[in-house]
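Chemist: Annotation source TrEMBL lists coiled coil at 253-280. Marked as domain 'Polysaccharide chain length determinant N-terminal' by TrEMBL: 16-106. Annotation source TrEMBL lists domain 'Tyrosine-protein kinase G-rich' at 370-444. Residues or ranges marked as domain 'AAA' in TrEMBL: 520-633. What TrEMBL lists as transmembrane segment is 32-51.
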Amino acid sequence: MLSPNQPLQNLNDADDEIDLLALLGTLWRGKIWILAAGLAALIIGAWYVLFAATPMYTASSSVALESREQQVMDIESVVTGLSGDTSTINTEVEVLRSRELIERLVLDLKLQDDPEFNPSLLPEPAFSVGKLVGFIKEAVLGEAEVVEPLEEQRVIDGVVSRVLNQVSISNLRQSYVFTITVQTQEARKSAAIANRLAQLYIDDQVRVKFEKTEQVTKWLSERVVDLQISLEDSEERLKTFVSNADLISPEGLIAVNRQLKELRERRALLETSLVAKQQEIEGYKNWLATGDFAAFASETRDDILNRLLLNGDDEAIQKSRLETRAQTLIARAEGEAERISGQIAALGISIEEVSARAARQSDELVKLQQFEREAEASRLIYEAFLSRLKEASVQQGIQQADSRILSEAVIPSAPSSPKKGRVLALSLILGLMIGSGGVLAKEMTQNTYRLAEDLEQKTGYAVIGQIPTIPARRRSNVLKYLTDKPNSAAAEAIRNLRTSLRLANIDHDPKVIMSTSSIPGEGKTTQSISLTQNFAGLGEKVLLVEGDIRKLVFREYFDIKKKHGLLSVVSGDIPLEDAIAYNDTLKADILFGEKSAINAADFFSSAKFGEFIEMLRSKYDRIIIDTPPVLAVPDARVIGQKVDAILYTVRWDYTMKRQVTDGLRTLETVNLRPSGLVLGQIDKRGMKRYGYGDYYGAYHSYYES
């Protein structure tokens, strides 16, 4: 045998696992609901396609980007073409979707007068939220709301936004081709918008280039005028400077500098000669002072002085004559020195004049060259801008677009949406998904038991009986139904329960059987009575004991009135034979319960009650005790210690799973394990409604209804 807690541990482990087969089984059982949801969604989809949806027509035109610019003339373009890189392509896609271009499209095709894009042109509905609000305001405030007409630009903006929603631009991968797709309610309108948008895009490129070229031309014209004035000013400054300045050529300036150099060289030579002459005069004077006329004559090589030295005149006369001659030579040398000094002074003046003239002419030449460069630079810039202005003026009339229309949109012959097949298929799939989700959600939120295998899997106990609902309006009619319809599904289910109970333990046929449940109203009493009748039908001597002495219900099943019952017999007040009642329909003895001030749990725990059970074993073949619910009172746990088998009833689609678990755990805490579970009061119609009809259908069809 399993330990008391083992089944509940298995229950917790099983809850953490996903049973795919069980999931599929749940979907299969709910197939009617799933198919109904799919059919309903399919009908809604068909209604939408046929009546609700507005047919939409799609048209597409293609524009190719010309990345290779065609040069009509050998003139550099003022505005360059498009490069064709990814950034440029993405930019052009946004240009095609720009509000400015779409607004020109709207105005060009007068789409603001089309009710599809301007809902204000549609007939006003008979009922609207706005009308209702206005009516309430008028009723409450006593004044009607004045609806001001929309401004024209606001209308245009709204139309542009709606057109943008109907236009899509895409770039074919690895190409320079743009596809313009337009979807409207009219086929011709879609094609017209797609083609016109493509043409406006081409025209816009030409317009942009023309405007840029015109802007450049205007700017160049203004700059050429300014540059012409600047050139004229430069030339005028040059002309004025030339007329006022003593200008020479660079070659003449070089000649002046050469003259200045020669003058300075001549002065240097004269200064050297002057120094030599002054030294010579100084020597003469020294020789004259010392009277060394021989050295004087040798140095000067003067013939007269030499003759005087050779003349044999008187020494005094000779000396006088020599001194006179020497002084004459000194005076001559000094005159020569004065002449050289005069020449040096004259050269100095000339050098200063030539140097000043050279410096002045050099400065003027520098200024002249600067004025000439400025004039030349102004002339070059002016000529360049003038040439560019002429080129730009020529290009104004030969601008080309950077794109061309590759293919025009054709008028669609059939609506592109709604796609009937796709809508119907998606509706069916969505309906089936919703139905499946609903079935699974209902199954997940379902907190009761509907299948025996589910009950076995969750509890770990075997289900040895599945009892359908007995169609008796009153409890007193239960036995009559089972007697009158012995081949009914309910009667056969009781027989199956009896057989399963006896075979649960072949070596030990249970003699004392206790019937209990988790909560009241699960059918355990009806099951006890039915099982009693079934055992009695085998010829056994059976006693049915009402063990629920708190809530006496046997009198609702049997029209028998007994003054004394279970408590009186156990306490020894009366003998068993005086307390029991025999029922012909039941074919068994019945021991009714009776109310008492004695605590029921204490009563069933007493030794007298144990002795009473043992006495019953000797008198009867089978004793069936109907006990209170396990979760209500502890009576069942006490009585269970003295019985051979415990039948635990779970009402179909009624008892909460948590209640079943708690009830079984309550028994296991006192080392009691049910011999088997009974899934009772199974509703045949409910089984079909929940999708379990196939499960029980074949079983029920075998018996009489």
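Glycine too: its Cβ is placed from the backbone N, Cα and C atoms.
Unlike curated records, TrEMBL annotations are generated automatically.
A quick note: this is a predicted structure, and the numbers were derived from the prediction, not measured.
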Chemist: Give, as a single whole number between 0 and 100, the mean pLDDT over the domain 'Polysaccharide chain length determinant N-terminal' (16-106).
Modeler: 80
Chemist: Could you tell me how many residues in the domain 'AAA' (520-633) are helical, how many are strand and how many are coil under DSSP?
Modeler: 47 helix, 17 strand, 50 coil
Chemist: Tell me the residue counts in helix, strand and coil for the domain 'Tyrosine-protein kinase G-rich' (370-444), as DSSP assigns them.
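Modeler: Final tally across the stretch: 51 helix, 6 strand, 18 coil.
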Chemist: Residues sitting near the transmembrane segment (32-51): Cβ under 8 Å, six or more positions beyond its termini, same chain?
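Modeler: Here the qualifying positions are 418, 420, 423-424, 426-428, 430-432, 434-436, 438-439, 691.
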